[in-house]
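Working notes for the structure below.
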Ligand SMILES: Cc1ncc(C[n+]2csc(CCOP(=O)(O)OP(=O)(O)O)c2C)c(N)n1
Ligand SMILES: CC(=O)[C@@H](O)[C@H](O)COP(=O)(O)O
Ligand SMILES: [Mg+2]
């Protein structure tokens, strides 16, 4: 039961609550998160950590006039609960339900959509400057996690703030966690603040003072105390060099303290950064014990936190275990992740080769250039970066890796539909953004066994290569004991045929086989081809079939625009062969969140859709088949 939470329709309702009622509200919100997400899954840990912070923000600031941005915005569930979406909350990340991130089209209170890290401060600065230009008086607040400060864009924005505006509030939500433990010098710096006893004492007493007397006086006294300590390496110096006045660190779970601090910061006529200390997973012991797991997960037992055992092996696990094997035999192989050791499964690789494992933080551009640097010294860097996050590194892939023909291997996990995370996370564009770059080899395995073959093959290619594979369970095929080299640029014919050529890219080969079966039942013979390579495409095979069949069909878990089917069209045109091509893939729009099979059915990414689109090209074939019968 959450009576207080159910009564909140807007911030005005919030402000009518007494301090003890606000504490009860926080408890109700935690109960709602734990219970509801146990059914839907979601980013439980990050949201449990910002319950009081979000309450305090909405106590003091008035959205939509005031703009509250959250970096990544995976921790915006409480914001949604407090801005009129309580009734739909149990639909979050469900088909047709609330999005798991802030979404401007979902609510006027969602000031800025996100899903990829590092954008909040930059976008908030843009809003603040726009406000100043138009003479606005509203407030702009960017909440960014400690790991968001491992992302370069955050610093590009910080570097600009002091010159651009007098009024911007940045809140550093420091829980010492990214998805895994946060990494790098900035994480150590933040930790020094938190761990520094003298600084802690100073701030504990200042916090008490603020709580007791509240308002500007107390905060100014606290600040004077801090100024007095300025001689040492105090935390404020780092941010003050960027022109932001630093406050904190303060307890990010203390609603009165947070509220009074925000009330004070509202009146500051200079950019400020408030450092709040929070606990990721607060209020649910399993989430406190297993912060990595509860960063984001599927349904779980709300009492114990137990999740269903993962029934099947994932492509990520096959990737990581294969990489261990390859690295055992080739000491030049190194593995690089951008803050996603768990998601890419490189946390399985790390124990085997700790010196050849690198987590660079949420810094995909740096990850690729770092890999390029290592490659110039004879190493074979494997960048394990989700297809969607690799979008951040397009220029480094062109400028640093391909232009210099460096043997960097991009293992693009989550290539294809990502499901519940929605449009910010679907990996539907990597062929489009990579295939036009000279020197790169692009591959897509039909199953886990071929993924291993492609990884071995990539280590033998003297230049850059990319392998795209999907989120989730493998096909369940028999595995060879050791991977084998593949002939680069050569496709694999799984079934020959003379009427239709069906090319199923990667795991979409199953749709190709399904379609071939339907056509066989109509007496139409269909070739089934596993392309294996998007670049270089097997032009010889394409030409051979184009001179024989009446139509081509391509299947891909990628956008049609600039995708695999487009490459086939281009090759046929270059060959001067006018064969109809039915292309099955994602339409030219952002695909909403949802369950993969439902989204495929809704958007025509099915064998059925191909079968229907083929009809106009098959009537003559059918007549011939009937005559033959
Ligand atoms: C560009 C990009 N890379 C990686 C991710 C995956 N990711 C989502 S949340 C997260 C960690 C965020 O940590 P922090 O900012 O500290 O927020 P917290 O979850 O701790 O509240 C990461 C790496 C992403 N969303 N965007
Ligand atoms: C918010 C974010 O970007 C990550 O937590 C992402 O949701 C992980 O996706 P997977 O669940 O596919 O690893
Ligand atoms: Mg964090």
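Backbone N, Cα and C define each Cβ position, glycine as well.
Features of the protein shown, as given by TrEMBL:
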BINDING   74, 115, 116, 117, 147, 148, 175, 284, 364  thiamine diphosphate binding site
BINDING   146, 175  Mg(2+) binding site
DOMAIN    313-477  domain 'Transketolase-like pyrimidine-binding'
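Features per TrEMBL, on structure.
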{"residue": "74", "record": "thiamine diphosphate binding site", "DSSP class": "coil"}
{"residue": "116", "record": "thiamine diphosphate binding site", "DSSP class": "coil"}
{"residue": "146", "record": "Mg(2+) binding site", "DSSP class": "coil"}
{"residue": "175", "record": "thiamine diphosphate binding site", "DSSP class": "coil"}
{"residue": "364", "record": "thiamine diphosphate binding site", "DSSP class": "helix"}
Residue 74 (thiamine diphosphate binding site) to residue 146 (Mg(2+) binding site) - Cα separation in whole Å: 14
In sequence order, those binding-site residues of 74, 116, 146, 175, 364 whose CB lies under 6 Å from ligand 2: 74
Candidates 116, 175, 364, namely the binding-site residues, that fall within 10 Å of residue 146 (Mg(2+) binding site) by Cα distance: 175
All-chain count of other Cβ atoms within 10 Å of residue 147 (thiamine diphosphate binding site): 29
Residues satisfying Cβ distance under 8 Å from residue 175 (thiamine diphosphate binding site), sequence separation of at least 6: 46, 49, 145, 146, 277, 278, 279, 280
Candidate with sparsest Cβ neighbourhood (10 Å radius) among 146, 364, the listed binding-site residues: 146
Annotated thiamine diphosphate contacts 74, 115, 116, 117, 147, 148, 175, 284, 364, maximal Cα-Cα distance (Å, integer): 32
Among 74, 116, 146, 147, 175, the binding-site residues whose C-beta sits under 6 Å from ligand 3: 146, 147, 175
Binding-site residues listed as 74, 116, least Cβ neighbours within 10 Å: 116
